[in-house]
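S.K.: Below you'll find the structure I mean.
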């Protein structure tokens, strides 16, 4: 025993040493309990609905549109009544930019503050907001508020009275919507010719153009494993179903909303989200007022919000090796280096999650990510250092390159003009780095690359300091613009990239009535020709937290950059002359539309969801309304997918790069329609295909991408229009790239109707219903076939009768020897008696003789 105890002492000492050196190991034990308000992740159900309403095209011939919102009080007992409403205004799908004056009647049971947010509504157009007494309207855009007026009115409260009041005042009403007070109301302005001529209020008014958003908290369970906030946090969110319908196959977006738990101080995090759902969903990540790095891991598709909804530098990683249980998922996170796990949340039903982050007080102020000094050139003149050397010709004071650079030739300028005005609304691009090759899943926070941008009315030139580029470990990397063919040139000190204003992937938007902001990006990637991804791990890609492009940016648009680091830059110019050689993306004077029809007559489009069965024809008509007669369009791609997101491609391709891929595709000729408006015309393209049910789901989506082209001569902005036959043989990569810059995607839902087997579902056809028999039972036989069958049956019957008579006549002698009748019955047929008598003459004489 003494020996045993003597050897046990070192064992205990060794165990104690191991525990002491290991430190506090992150716990993977999670005791699930219902979450409270203090839990960092909250589950919610977002719904969109209205009480009643209507829409019409009655204001088409009038000088203004009229939209009415009649708000009702919410249920009492839910706390303080709501005092603020955000009104989101966008054009309808068939209108790219809305230019018509509008009157909004905003009636509410209590005074409200209306926050108006607009997208693609032209500036300088008069708009009138009539509000209830005590309500005010606030505008987020300064240009929009210059021509917007607000007046207080006393409105009738009942729907019909309010509608009649507006019709009497303005002649007609474009839309009327009754809804409960909500935080967010979404109204799409514009007039569609498919609307009825008058507005008749209905209870079951459902339209994607007029909706209110409601958020309802949902029950969830979870645990918090780290009580104190850290610089790095890992949150695991598991969702059972995005809706309460267990049979729904519609892929929905699950929104993760990330914000600080308190307004200040500023929150800086290295955040990891591990997302899991048993059904196929699309995770949409939105971050507000949180700086740092965000990594999202999920087995499904991952998207991100608009540029204004991306405050963090984000990385996404698709992993399909998730374990099934909660304990194993926690262990999986630790085994893959995602530790310590901060929280775990599981929700039975939800379509939105709010993640609220606490500030890490231990982080020092100098660790807050700021814009590098080299990029202050993009902030504006107040942030720029003074140059030691005088500016060269045409250069902005304090805004030129930090190295000698030859003058850029400029055409169309007069001597002494202000050649490059300062941008009125400078935009700060967010900068990203390539991941470290040793740790490809990490994204670095700051960047020290000297970047200078210069532009004139012909081109943009961006220069990257070679020393700062190589100092940060990017030696041997390749620099291009968004168009990979636009590569950097080198001089002694800098990489120089040059782009015309209408090429190399450059986009633009109007920042003021006389200003244009041009955007492009520097793509940093390995020049290896054998590996198209450039990543050690092919699934991970990097997206800019704010790419500077207007509108939504989806996965399809960022896919070409998913393998590279991206540095976004921009330049603002005053539009001295009408730009030649380019037009707004999907020209503002061109409006696209797509409709589905049941027949090849293309008379009445199918409203709502289009019903289709196996082997049935689907007739598609796409059109463009335009003013330029030389402007044409093409159907670039059409495919059917079980997903509503057009960026998720499928194998069921109908048309690809204008060339038909489905053998059943048939094109139809159509005439060009001229409008009474001067120089306005409508071009149409029609085609059909035979639907094949290749997906095991009842709801599918037809996605078609349309692109502009030039009828006469192709340019760098627009390719020359080609026929489908030519596209199948002569389309090259340059034309495809140009088409992608001017595409517009339309989506139409398809309801798959299954063919019913009558024998299985209707066992007794006569008793259950008078439905006629299934069509395969002689339903399609013509008259000649039926007569042939009847004649054949008659011949067969005659032959059978003759055969029976032959058998009977040859067996009659034996039967009569057994029994000879003395006289025929009186009831026998005379012909039968005559026949029998004639056959018995000889036997009778023989019998009498015997």
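Here the Cβ of each residue, glycine as well, is placed from N, Cα and C on the backbone.
Pulled from Swiss-Prot, these are the listed features:
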type     : residues : note
SIGNAL   : 1-22     : signal peptide
CARBOHYD : 143      : N-linked glycosylation site
CARBOHYD : 491      : N-linked glycosylation site
REGION   : 528-557  : region 'Disordered'
CARBOHYD : 533      : O-linked glycosylation site
CARBOHYD : 544      : O-linked glycosylation site
CARBOHYD : 570      : N-linked glycosylation site
CARBOHYD : 589      : N-linked glycosylation site
CARBOHYD : 696      : N-linked glycosylation site
REGION   : 735-749  : region 'Interaction with TGF-beta ligand'
TRANSMEM : 786-808  : transmembrane segment
COMPBIAS : 817-833  : compositional bias 'Polar residues'
REGION   : 817-850  : region 'Disordered'
COMPBIAS : 835-850  : compositional bias 'Low complexity'
S.K.: By a simple count of other Cβ atoms within 10 Å, which of 491, 696, the glycosylation sites in the record, is least packed?
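M.R.: Result for the glycosylation sites 491, 696: minimum number of other Cβ atoms within 10 Å at 696.
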S.K.: Under a three-state reading of DSSP, tell me whether residue 570 (N-linked glycosylation site) is helix, strand or coil.
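M.R.: Reduced to three states, the DSSP call for residue 570 (N-linked glycosylation site) is strand.
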S.K.: With DSSP, how much of the region 'Interaction with TGF-beta ligand' (735-749) is helix, how much strand and how much coil, in residues?
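M.R.: So the counts come to 6 helix, 7 strand, 2 coil.
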S.K.: Determine the Cβ neighbour count for residue 570 (N-linked glycosylation site): the number of other Cβ atoms within 10 Å of its Cβ.
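M.R.: Around residue 570 (N-linked glycosylation site), other Cβ atoms within 10 Å: 25.
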S.K.: Looking at the region 'Interaction with TGF-beta ligand' (735-749) alone, can you tell me the average pLDDT?
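M.R.: Summarising the region 'Interaction with TGF-beta ligand' (735-749) by its mean pLDDT gives 79.
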S.K.: Whole-number Å only: compute the distance from the Cα of residue 696 (N-linked glycosylation site) to the Cα of residue 570 (N-linked glycosylation site).
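M.R.: A Cα-Cα distance of 46 Å.
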S.K.: Taking only the Cα atoms, work out how far residue 570 (N-linked glycosylation site) lies from residue 491 (N-linked glycosylation site), in Å, as a whole number.
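M.R.: Pair distance, Cα basis, whole Å: 23 Å.
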